[in-house]
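Take a look at this one; I'll ask things after.
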Amino acid sequence: MLILDRSSPQIFISNEQQDVDIDLQSVQRLVILFLELQKVSTDQVYIYFLSDAALAQLHDEQFSDPSLTDTITLPIDRPGIQSFPHVLGEAFVSPRAAMRFLGQYTEAQLYHEISRYVVHSLLHMLGYDDQTDEDKRIMREQEDSSLTFLAQNQALLHPTV
């Protein structure tokens, strides 16, 4: 578990999988810059990287669906809600899902896809949905523009240096 810089929101990060090496400071940088881009203020965000088995179990517990998925988001406090501490939510991500989705990939493509999963969860925490085709289109546009911004600011996920 990594907790950094108390002047910024606390980003709690737990890497409980062993499929992909993820630099935890890159996760913090991605989340902080994403929140700045979206002009969102919060006290805490939780990001968990899990194995497929652990994510499928959580999927079953939360949604009565034991199938594999790439990410699960549990929004807690909506932006603008007064609470202390303000907890935006929890994101549970399977890096192996990105490996499976991409098939053959470069290291850069893999970390870009895992970054997309984190951004996708953060967007859910902000209230974006992907239930209808229109919602999916809007969410994909938000993902793409956020990922472009993050890439330009060297804030995509990467392996430990």
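Every residue gets a Cβ built from N, Cα and C, even glycine.
Since this is a predicted model, take the numbers as computed values, not measurements.
What Swiss-Prot records for this protein is below:
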type: BINDING; residues: His120, His124, Asp130; note: Zn(2+) binding site
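So where do these features actually land, and what's packed around them?
Proximity of Asp130 (Zn(2+) binding site) to non-local residues of its own chain (separation of 6 or more, Cβ distance below 8 Å) is seen for His124, Lys136, Met139, given in sequence order.
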Other than His120, His124, Asp130 themselves, what residues in this chain have Cβ atoms within 8 Å of the centroid of the Zn(2+) site's Cβ atoms?
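Here the nearby residues are Thr71, Thr73, Ser121, Leu123, Tyr128, Asp129, Met139.
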